Amino acid sequence: MLWMLCLPTASLFLLLLPCFPAQDGGGNEQSTDVVSAWEGDSVSITCPMNDSQNLVGMYLTAITQNLIVIYVPKNKSPNVNPAFANRLEYSKEGENFRITLQRLQESDSKIYVCSAMVTVNDRHKELYGKTTIVVVKANSRSTLEQSPLYANPERGQSVNITCVLKSSAEHEGLYLLRTHVQPGRVLYPLKPNVSRVSPAFASRLQYSREGNRMVITLQNLQEKDSDNYVCAADVANSPLLSASGTMVLVKAVEQECKERTPHSWGLYALAVVVALLFCALVCCTLHRVDVKKYFQKKQPNVVYEDMSYNSRRSTLVRANTYSTAE
């Protein structure tokens, strides 16, 4: 009976042993944030202050149009661009500036950069900080098309994402962005006809480009790659164009927590042996004790009576009788 209880306990332990979560060393670049929102929503951009003691003022700039959204001088009221009047809120939170863009419009899709003006040796110097890519999704049909809308590959398989710019306008590059689970840049331009791949997809991404059409292949997909992938185009003198996106959901392999290395297989086998030996030792010990108790002979309670005494007594009496007769 104990063996029947012991085995499920050991099995549960062995099934849970390889399931501890592994640390993901993969990399989103921390210098760039990606924020996705619908028209009418709000987004917040946080600008860390650099060298606050020598700070003259903070800027938030849309780099594609070289448009200053807000300038916050030290100890003075901020200057807000008229295009964002009544749609922008500003606050200071510790060592950060927090800028909230409200009632978003499709034209607010831009690449925003935080920068600080500081004093160095009695001269002003501009320090560039974090970049934030804002993707505003509009209900109207975009000039940037993307397919497929949805993909459900198994782990280890690949997905092709096609981005097509339906415009003759010149563009400085096409992006592929992650916008939900782990927001960040997957593929982004460095200069005309040269693009860079995020370290998280190093050696797992291929792309081909022909005119305004780009096909991006994500290979050897893992569960952690599940996300919404959005094509975006940086068009000159225009807001950042974005497509509808491709929702990628990678199916996990059943009854398998993670890939096991030879080292983890060794630990797994050792745990199996130890668990089984322990159960066998306990069960056999208890079984041996029960068998001994069952088969051990009990000493009967016997009363012995000396039956030879009466015979000897008769002989003695008879001998005495003979002696008297004489």
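Placed from the backbone N, Cα and C atoms, the Cβ positions cover glycine too.
TrEMBL entries are annotated by machine, without manual review.
Keep in mind that this is a model prediction, so the values were computed, not measured.
Copied over from TrEMBL, here are the features:
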SIGNAL    1-22  signal peptide
DOMAIN    32-137  domain 'Immunoglobulin'
DOMAIN    148-251  domain 'Immunoglobulin'
TRANSMEM  265-289  transmembrane segment
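Secondary structure by DSSP for the domain 'Immunoglobulin' (32-137): 9 helix, 68 strand, 29 coil.
Per DSSP, the domain 'Immunoglobulin' (148-251) is made up of 6 helix, 57 strand, 41 coil.
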